[in-house]
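Q: Swiss-Prot lists 29, 43, 55, 141 with the feature substrate binding site. Look at Swiss-Prot and you will find 65, 70, 102 tagged as Mg(2+) 1 binding site, backed by sequence analysis. Here Swiss-Prot flags 70 as Mg(2+) 2 binding site, drawing on sequence analysis.
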């Protein structure tokens, strides 16, 4: 995959997200090598937890941690790693870990991909239990890894998410 050829924005209101980890998959952390385009096993997670949403990144961006901007894509189905999915940002999970700030954009598929998310415009439109699962996952998925930790500091709205995306595009 030629990751560098994929733009961050599909259009003004849509972002491209490259999926690295499907929702509900085994406790394996995958990461794309941005130079080669190969999908590597980053590590086997020591907790027996699975990602509550599809997890990936926005290409052609750079976040404060030196990696592309991270995204959780809320969907009804797992998405195959390497797939590019057009999404709308609806908010952001604010968190930090042993390496510093590590925000996660929360997004939903565009109307063309799945009309069942058309009513989701912001975080408050998501099921409260899903938000609790997301927080629980990130608060605990590194619990058994020595020297690693996560602190969830709250949620940011759609405007905050769009600001982080724009900063990520500008930084790259």
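Going from the start of the chain as shown, residues are counted 1 onward.
Glycine is treated like the rest: Cβ placed from N, Cα and C.
How buried are these features, and what lies next to them?
A: Under 8 Å, Cβ to Cβ, and six or more positions away along its own chain, residue 55 (substrate binding site) finds 19, 20, 21, 23, 70, 71, 72, 73.
Sequence-distant neighbours of residue 102 (Mg(2+) 1 binding site): residues of the same chain at least 6 apart with a C-beta under 8 Å from its C-beta are 63, 65, 70, 95, 96, 150.
Under the DSSP three-state reduction, residue 70 (Mg(2+) 1 binding site) is assigned to strand.
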Q: Around the recorded Mg(2+) 1 site, report the further residues of that chain (criterion: Cβ within 8 Å of the mean position of the Cβ atoms of 65, 70, 102; site residues excluded), sequence-ordered.
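A: Neighbours within 8 Å of the Cβ centroid, excluding 65, 70, 102: 63, 64, 67, 69, 97, 99, 101, 103, 104.
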Q: Take the mean position of the Cβ atoms of 29, 43, 55, 141, the recorded substrate site. Which other residues of that chain put their Cβ within 8 Å of it?
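A: Counting only non-site residues, the set is 21, 27, 28, 30, 42, 45, 51.
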Q: Under 8 Å Cβ to Cβ from residue 29 (substrate binding site), same chain, six or more residues apart: give me those in sequence order, or none if nothing qualifies.
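A: Looking at Cβ-Cβ distances below 8 Å from residue 29 (substrate binding site), excluding near sequence neighbours, one finds 21, 41, 42, 43, 44, 45.
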Q: What does DSSP call residue 65 (Mg(2+) 1 binding site) in the simple three-state scheme?
A: coil
Q: Would you count the other CB atoms within 10 A of the CB of residue 70 (Mg(2+) 1 binding site), including those on all shown protein chains?
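A: Neighbour count, Cβ to Cβ under the 10 Å cut-off: 23.
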